[in-house]
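Engineer: One structure is given below, represented as structure tokens, and several questions about it will come after.
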There are 2 protein chains.
Amino acid sequence: MSNPDEPTKNNHEVSPAPPTATDVENPTQGVESGVSAITSRWRREDLLKRGSLVARGLALLFSFLSFTIMASNKHGDEEDGEDFNKYQEYRYLLAIAILSFLYTGGQVGRHVIWTGKQIFERRVCAMVDFLGDQVMAYLLISSASAAIPVTNQMREGLDNIFTDSSAAAISMSFLAFLSLALSAMVSGHKLSTQSYI
Amino acid sequence: MSNPDEPTKNNHEVSPAPPTATDVENPTQGVESGVSAITSRWRREDLLKRGSLVARGLALLFSFLSFTIMASNKHGDEEDGEDFNKYQEYRYLLAIAILSFLYTGGQVGRHVIWTGKQIFERRVCAMVDFLGDQVMAYLLISSASAAIPVTNQMREGLDNIFTDSSAAAISMSFLAFLSLALSAMVSGHKLSTQSYI
């Protein structure tokens, strides 16, 4: 009788164990899924923040290149030489590139260096970010578009270092526009989802 | 004994009444505040939907005006006359105005006429809306900016019906850009908050 008794005892000892194990496992799983949801949200927000910083950093670089190339675009002597200052389209491009450089520089500086208390409300900051990015993107595409026809016309006649520099500056402004358009999308997303955080 | 008995009976009959009234009122208030929150949300969403439709309708009108004004901008005979077709900037403006007219026409038609089942997922529709608005806005500001310098240069020399028509077409394209930029902001907001609805 010891043989049938032992398996029964064993069964009795083993059978309560699985429910206990699942009972312990289930809450852990619930907590884990909750934690993973929160961490995935944090990761997404962190990714957005980093993406926005990278986009603005690229816009800073490209607008710096654009304005230095255009500002140094003077060749030959004063009379015969070609000077960007003679063309209002190039002056417009230069002005917008400088504005974009200052704006993106300020934004990158604010996000990298400034870690203290926020002076303004968070919602106001998000709105300023979005509007700033969007308006700068519109200005950059506008200045690049305005400068393209005159450069194109000049290059039909002759192709020298002046027209090449102009084309390079225009390309840099266009790349800065692409970066800021991306950044504007990210800050628009931040602005819209912000009240739910 | 009938007098003291009657007030007691009255008291007994009256006293349970006020608590019942407040008991009934409190849930009603709770339900009302919940209902008002939901209706205010509906009202906001309805306002956004209507605002988006109005902005797109304005963009449709302005791009129609822009492309008809530019397409009819031929004056004088073939040899001496001024024709928008000679200038690539004006051809670009015309092309973008037609594109914008078709796009906004399609969007307005879809929102006004189409009431059946949505073919695509709602999220996909919202993304197409946002990207379409944003890209069209960039194209419109780009075409207006490209056409401004050549018109400006022509108007320095002489100011006739050709340059005036060009200026009018450019203004209409710029107004269409403003409308679509507004619409892009609304559809970006819709896209971002959509997963929470």
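Just so you know, glycine gets a Cβ as well, placed from its N, Cα and C.
Below are the features I grabbed from TrEMBL:
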type: COMPBIAS; residues: B:1-12; note: compositional bias 'Basic and acidic residues'
type: DOMAIN; residues: B:48-178; note: domain 'Casparian strip membrane protein'
type: REGION; residues: B:1-31; note: region 'Disordered'
type: TRANSMEM; residues: B:53-72; note: transmembrane segment
type: TRANSMEM; residues: B:92-114; note: transmembrane segment
type: TRANSMEM; residues: B:135-154; note: transmembrane segment
type: TRANSMEM; residues: B:166-186; note: transmembrane segment
Engineer: Which sequence positions outside the transmembrane segment (B:135-154), separated from its termini by at least 6 residues, show Cβ-Cβ distances below 8 Å to it?
Structural biologist: 59, 63, 87, 89-90, 92-93, 95-97, 99-100, 103-104, 162-163, 166-167, 169-170, 173-174, 176-177, 180-181, 184
Engineer: Please indicate, using numbers and ranges, the residues of the same chain that are 6 or more beyond the transmembrane segment (B:166-186) and have a C-beta under 8 Å from a C-beta there.
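Structural biologist: Answer is 48, 51-52, 55-56, 58-59, 62-63, 65-67, 69-70, 73, 84, 90, 93-94, 96-97, 100, 104, 130, 133-134, 136-137, 140-141, 143-144, 147-148, 151, 154-155.
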